[in-house]
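Just below is one structure, and these are the notes that go with it.
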Amino acid sequence: MDSSDSKAATDEEIRRALKAADLMKILDGKIALGNKSGTKNLGEHKFWKTQPVPQITGSGAPAPIEEGPIDDPKTPADVRQEPGVLPAGFEWSTIDINDEEQSKEVYVLLCENYVEDDDAMFRFNYSREFLLWALTAPGYLPDWHIGVRVQKTKKLVAFISGIKIDIRVRAKTFPAAEINFLCVHKKLRSKRLAPVLIKEVTRRVNLTNIWQAIYTAGVILPTPIGTCRYFHRNLNPPKLVDIGFSPLPRGSTIARLVQQYSVPSHPRIPGFREMKKEDVPQVGALLRRYLDRFDVAQAFRDDDEVEHWLLSGQGKEVGGRRVEQVVWAYVVEDPTTHRITDLISFYALPSTIMKHPKHNLLNAAYMFYYATDVVFPPSSSSANSDVDVDANAGESSVAAVGTGGEDAKTKKKLETRLNALTADILIIAKQAGFDVFNALTLLDNNMFLQEQKFGPGDGYLNYYLYNWNCAPIDGGHHSTTAKQGSKIGVVML
């Protein structure tokens with residue numbers, strides 16, 4: 001090979017590496033809203049200095065504070081009754097996400113503006129089914145799905161959403177809003193609509209006597225309660241190499257990559273099957289108890305929530321990958337007792353691949369909630385006890401010991417079980433046609449990431465609480481090799 005061929009090969013390697021980095025950033029959440037800075041546009045620090053959030057001190061660390069609400073107690077009567085003022089030429093619009101035309105407007109806005117790389121190579125592809133699943137959880141309020149339209153044309157140019165969620169932070173459980181999908185049209189970023197949208201959704205949430213919120217961002221705002229890192233598991237090496245997601249290592253071949261990332265043809269855990277509606281009470285009890293081990297977690301106060309998040313997005317028809325399916329949930333049923341001993345689930349969020357001659361969609365799966373009873377004493381495990389966890393209890397029904405509170409023997413059992421569960425769910429994802437399986441360092445994911453061949457991404461996801469002082473919570477991103485679980489038990493879409 002002459003020097004020109006060598007240079008061309010080097011240039012090609014650089015091009016593919018840069019392309020892969022762009023896609024990794026998208027999957028990691030580092031590139032968002034299509035802005036050139038590659039950050040999630042949740043408002044400038046100047047705006048957040050006016051909000052009831054812990055402030056970053058001069059040393060870069062949050063000031064020592066007592067956990068609890070930041071603002072003085074208020075009532076809905078103290079809240080402004082009229083919407084905030086928008087720039088001239090724009091108007092507020094409450095979005096009916098169940099209306100096909102309006103949900104399509106949100107879908108188009110998000111797909112074209114929410115997340116893409118600077119070269120418009122990849123975009124998140126939110127389906128209508130995904131948005132319905134994400135935004136219509138039990139108790140949702142249509143008033144919390146807020147849009148901004150151009151007055152003359154009625155074109156939807158901005159959106160923000162909130163859904164009700166019960167959050168437990170250590171020993172305290174309280175109602176909150178989960179804020180998501182803040183999106184402003186790329187051509188209107190100079191209008192500073194993001195802070196206006198945040199203020200408006202805050203106003204509407206406060207009118208329902210809810211004063212706290214949880215949200216995430218790939219950038220540092222005042223002030224994260226914890227940070228998780230993204231990891232990715234290759235399921236389709238030929239395609240990921242072809243689109244530039246994964247470089248082909250020097251001296252390697254596609255065949256070697258296929259062998260390296262191959263999975264068995266069938267799940268191996270006895271009793272591993274798809275979750276059914278009749279499993280909901282047992283799954284709910286198991287999931288609540290498992291999440292009690294974390295410092296921050298969704299409370300899942302009733303089984304309606306469990307059914308919605310794990311079953312309502314299962315799609316239509318049966319067998320294989322269903323039409324309109326967005327969530328996959330599997331359980332392990334003890335063959336002898338017929339008790340549910342384990343749960344594992346994931347959801348689908350594909351990305352459109354722009355300007356590629358062969359591929360137009362990256363099928364990405366994201367680890368969702370899971371639980372197993374191996375962390376509990378045999379006498380009280382869900383598989384060996386008839387004692388039910390009260391689904392409607394106001395406080396955690398099991399003392400929150402925090403992940404990492406188990407002894408070494410129990411931790412080893414947990415590690416072994418989670419690796420087995422993850423190995424089986426990777427098989428399901430592969431059979432369903434997914435190209436990559438993504439996971440954060442939350443929950444107990446660190447116990448299986450390395451063994452199941454997940455590779456680290458370069459993105460981090462920061463968790464935030466609005467109007468709640470909170471000591472830092474370990475997001476697990478420093479301890480993947482130590483297989484130490486994190487203290488974050490909330491999975492946000």
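Cβ coordinates are placed from backbone N, Cα and C, and glycine is handled just like the others.
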Given ranges 53-73, 263-283, 305-325, the stretch to which Swiss-Prot attaches the annotation region 'Disordered': 53-73
Val184 (tetradecanoyl-CoA binding site) - helix vs strand vs coil (DSSP): strand
Reduced DSSP assignment, Leu493 (active site, proton acceptor): coil
Nearest recorded site to Leu493 (active site, proton acceptor) by CA-CA distance, among binding-site residues Phe47, Val184, Leu193: Val184
Neighbour count (Cβ, 10 Å) for Leu182 (tetradecanoyl-CoA binding site): 24
Cβ neighbour count within 10 Å of Lys191 (tetradecanoyl-CoA binding site): 17
Sparsest Cβ surroundings (other CB atoms within 10 Å) among the binding-site residues Phe47, Val184, Leu193: Phe47
